[in-house]
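Inspection log for the structure reproduced underneath, given as structure tokens.
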Amino acid sequence: MLYAQILVNGLVLGGLYACIAVGFSLVWGVLNVINILHGSFVVLGSYVAYFAYVHLGLHPFLSVFLSGALLFALGYAVQAGLINKVIRAPVLTTLVLTFGLELILNNGVLLAFSADYRTVQLSNPMGSVVVGGIVLPLERVTATLLALALTGLLYLMLVKSRVGRAIVAVRMDPEAAALMGVKVKKIYAITFGVGALMAGAAGSLLSVVFPISPLNSTEFLGIAFVVCVLGGLGSIAGAMVGGIALGVIESFGALFIGPEHGLTIAFVLLILLLIVRPTGIMGRRGYE
Amino acid sequence: MMNRVWTVLTVIAIALVAAMPALGDNYLLRLGTMGAMYAVLALSWNVIGGFAGYPSFATAAFFGLGAYTGGILQGAGLPMPLAWGAACVVAAAFAALLGLAILHLKGHYFAIASLVVGEVLLEIATSWTSLTGGGMGLNLPIIRISIDAQARLFFWSMLTFAVLALLMNYLVARHRLGFGLDCIRQNEDAASMVGIDTTRYKIIAFALSALFVGGAGALYASWVFYIEPPDVFATLTSVKPIVMAMLGGAGTVLGPAVGAVIFLTMEELVWRNLLSIHAAALGLLIVGLIFFLPGGLIGLLTGRRRRAAPKAKGGAA
């Protein structure tokens, strides 16, 4: 029974991880940019949810739209204004640039909100139910289901919408897409915006589960990395699989080795995977 | 001709730095030691990141490994200089082994793998309490000479490492190895096709990039008497040398050293005056650097832009 409970905990955690990672994976896959800002985007989403709840009484599950919209605007501006200008430079340039931007953003968030941990104290919490001896904390479960639903929406957007098709086209072959009349740099900005949107939305959902602090941004970034490599770069299904795998591995790792080693286990796994399967753990094809 | 001018200027600069102890100001001496340490880190990164174009974020891993190797050996009774030398060897050997495992990765995959190695070592150092003292940190043996004499000793030692690192860069740049690394940066597949043993070259470069960093870590540990995992394995230790090298001119011999000195000057001003936003200030420096000084200061002076490496599309390619 203990193992079943831990498995469920891992699955619940994994859905949230998938939502954290999918935007990061999208940006990496389409733009070949590792967005070091991603962790801070998640934290910003949490702060939007926190303040929307404290000042407007907006439930974090609803402020997903608000944080998503705000983060989309921020992400779009960063890509269009800065990263697009050096997108053709060697990998090191974009990597160091997003690192520099992250130092600025994270320092700004620290100054504005301090390093104190905050939590969203819901006035009418949903509590938990016991199903077949397994405890299901309802807020967590709902957050995870919403995270998976959002990820599903992103998938639909990529497959069905005009913009989504353009993103997929640019990912597969930017030159050919440009010849077909796709404005590649605009698509890059939209993609980066969507990546930030998913991070912000994930942040809002996380705010009912985890304490909020700028200090968490590195951990979220680490999670995004590992999920991406575990599941496969740029594919939505990959992010889902990787997220859930990480959630389950972390939960069992916490049981057997100790909760403080969760991220390390993930990192060791990541290095091993990189060594064994260096080129694309799952396919680098379109978004299926 | 140009080369001779640079050589003379370099010797003058080193002589000026070496004259710092004569001023007898311990603050200046501390700055000089820091500057020499930064130069070691930036010059070392330059071998793999500048010459070969591999975005290594492993500097913190080598630095921390060196610091703990030196600290533990000194604690076991090994004389200080031997402990430093051992740290050099251990870091270079570790890099060679690590290189075997991760140097076949390209672009972002290599960058992440090299970054994560430091995180894993940090965790090991934190949890292996019996050897490293864990989160409590590690105290190093007290040296029985006066504070002033210590300050001078560490300054001279660090400066020696810096000069050796500069010499190493110079020799690599002039040697076949430098030519091979340049080819690897421009087009690794083509380099391999014309008969360059890319694997061997990359591993040598990676080991060289760890050699003096490990020593500098051990020296740093002796200098501050106390180390703890988050201090010596800090991610910023991996990022700062890259910024310094880019500031001066990555892929040039003198650039990283020049960048280190300028970086230290800026950091010192920022640290003292803008404590609460020092990270943001560093961030602004990075952003400004990438947009306004992509070739670094040396590139600006010589009017020579570093040839852009071919676009590494896909990272996994």
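Just so you know, glycine gets a Cβ as well, placed from its N, Cα and C.
Nobody curates TrEMBL annotations by hand; they come from automatic prediction.
According to TrEMBL, the features are:
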- A:6-29: transmembrane segment (TRANSMEM)
- A:36-56: transmembrane segment (TRANSMEM)
- A:62-83: transmembrane segment (TRANSMEM)
- A:95-114: transmembrane segment (TRANSMEM)
- A:134-158: transmembrane segment (TRANSMEM)
- A:187-210: transmembrane segment (TRANSMEM)
- A:222-249: transmembrane segment (TRANSMEM)
- A:261-280: transmembrane segment (TRANSMEM)
Result, the transmembrane segment (A:95-114) in contact with the transmembrane segment (A:134-158) (3+ CB pairs under 8 Å): no
Feature contact check the transmembrane segment (A:62-83) with the transmembrane segment (A:222-249), CB under 8 Å, 3 or more pairs: no
Beyond the flanks of the transmembrane segment (A:62-83) by 6 or more, those residues with Cβ under 8 Å of it: 31, 33, 37, 41, 44-45, 48-49, 52-53, 94, 97-98, 101, 146, 150, 185-186, 188-201, 203-205
Chain residues in Cβ proximity to the transmembrane segment (A:6-29) (below 8 Å; excluding those fewer than six residues from its ends, i.e. six or more beyond): 35, 38, 41-42, 134, 136-137, 140-141, 143-145, 147-148, 150-151, 154, 167, 171, 191-192, 194-199, 201-202, 205-206, 209, 220-221, 223-225, 227-228, 231, 233-236, 238-240, 242-252, 255, 284
Spatial neighbours of the transmembrane segment (A:36-56) far in sequence, C-beta under 8 Å, 6+ residues away: 20, 23-24, 27, 63-64, 66-68, 70-71, 74-75, 78, 95, 98-99, 101-102, 105-106, 109, 113, 118, 120, 122, 195-196, 199-204, 206-208, 210, 212-214, 216-222, 224
